[in-house]
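A.B. asks: According to TrEMBL, the protein has these features:
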| type | residues | note |
| --- | --- | --- |
| SIGNAL | 1-26 | signal peptide |
| DOMAIN | 83-400 | domain 'Peptidase A1' |
| ACT_SITE | Asp101 | active site |
| DISULFID | Cys114-Cys120 | disulfide bond |
| ACT_SITE | Asp258 | active site |
Amino acid sequence: MGTGHVTLQHILILSVVLLLGTPVEGLVRIALKKLPVGQNRLVAGEDAQTFLLQHHGLVHNEEPQPPPTSDIIMLKNYQNTQYYGEVGIGMPPQNFTVIFDTGSSNLWVPSSECYSSTACHLHKSYAASRSSTYTKKGKRVSIHYRTGAIAGYISQDNVQVGGLVVKNQDFIEASLEPSITFMLGKFDGIVGLGFKEISYGVKGGEIVFGGVDPNHYKGRHTYVPVTKKGYWQFDMGDVLIGGNSTGLCKSGCAAIVDSGTSLLTGPTAIITEINWTIGIPRRVSKACKKVVSKFGRQILDLLLKRMCDHIPIPAGESSVDCGELKFMPDVAFSIGAKQFVLKPEQYIVKIDEGDDTRCMSGFSAMDAPPSDGPLWILGDIFMEAYHTVFDYGNMKIGFAETA
């Protein structure tokens, strides 16, 4: 096991099992809380495409740069289910609620000098004047993502994570947060756990630094090497629906494990097949119908099925019958030499709406450019089922069934 470890485990909000096992020496723990997903917070295809553009799209920079000529560092949209924890900055510590995100690489929190953004007034802010360990650096930076941006400046202070104190840590004091994402978010800021290449409730689980806690998983981990620095990316094999191969990933697909993504995203052809199998009808967009009609019935007869298999389901239209879960197939991902199976109760998202409960597919369509795809993103749904080890020292990722 390498010198650098991050292990991440999530527990479904419906579960009564909390991570209260016997303490293990030498591990730094941070309790994760889970925000329940709301009716208007779960967006399928659009957010998946946004992620692709933000993370994989493939704008890639090593560190934030001064505006206005700054390189763009993309962040994802956190309108889906959010896992968050606590960190302290400064001495005495000023505590913040943060997203622990393996898909980005910068630490930022609102600054007390953020006056013009509503998001800053709705969240806690860092006051340099209240910290005896603060060091001014002042370099102006901006971080952009698809629906907005933050801007601020680099400062340095001690950062407390669980029982660990990181001294003289650079972070961003955000003085501008115009995005509605940050205004509505439960979190104050973000702790990026990705690589430097892309740098600059109810308990939901734990994030553990420095090793693994055997109380959190069963059996042994299956490890695969990291194939692309910048993200926790690895090679994945076939994807099976009800034990039957989908074929697309037989020759291999790329996959990213990302704690900042709620759902499971993958190529539209497979996602459409999965969603059709669990009861979501194929839909033909108006644009598709117009093109097919224009070029005649023959094209319609020959190509309609194939074309519609590649049209993503519109956002917000992935509802399924909650009473049909027992008839839905398992979906399995081939990683290493093992198949990691998700059962319907694991990949279907239940949304409480007062006296009613709505069920939605946990699969979202996303198509990567040919040079990068086919690509899957295994988000929180996958990590709720499988204990995940991010082994930075040995550049590998491990998965084992959660205990």
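Going from the start of the chain as shown, residues are counted 1 onward.
Just so it is clear, glycine is given a Cβ too, placed from its N, Cα and C backbone atoms.
Neighbours and distances for these, please.
C.D. replies: Asp101 (active site) has a Cβ environment of 22 other Cβ atoms inside 10 Å.
The DSSP secondary structure for Cys120 (disulfide bond) is helix.
Secondary structure at Asp258 (active site), as computed by DSSP, is coil.
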A.B. asks: Can you grab the distance from Asp101 (active site) over to Asp258 (active site)? Cα atoms, rounded to a whole Å.
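C.D. replies: Asp101 (active site) and Asp258 (active site) have their Cα atoms 7 Å apart.
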A.B. asks: What does DSSP assign Asp101 (active site), in three states?
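C.D. replies: For Asp101 (active site) - judged by DSSP and reduced to three states - the answer is strand.
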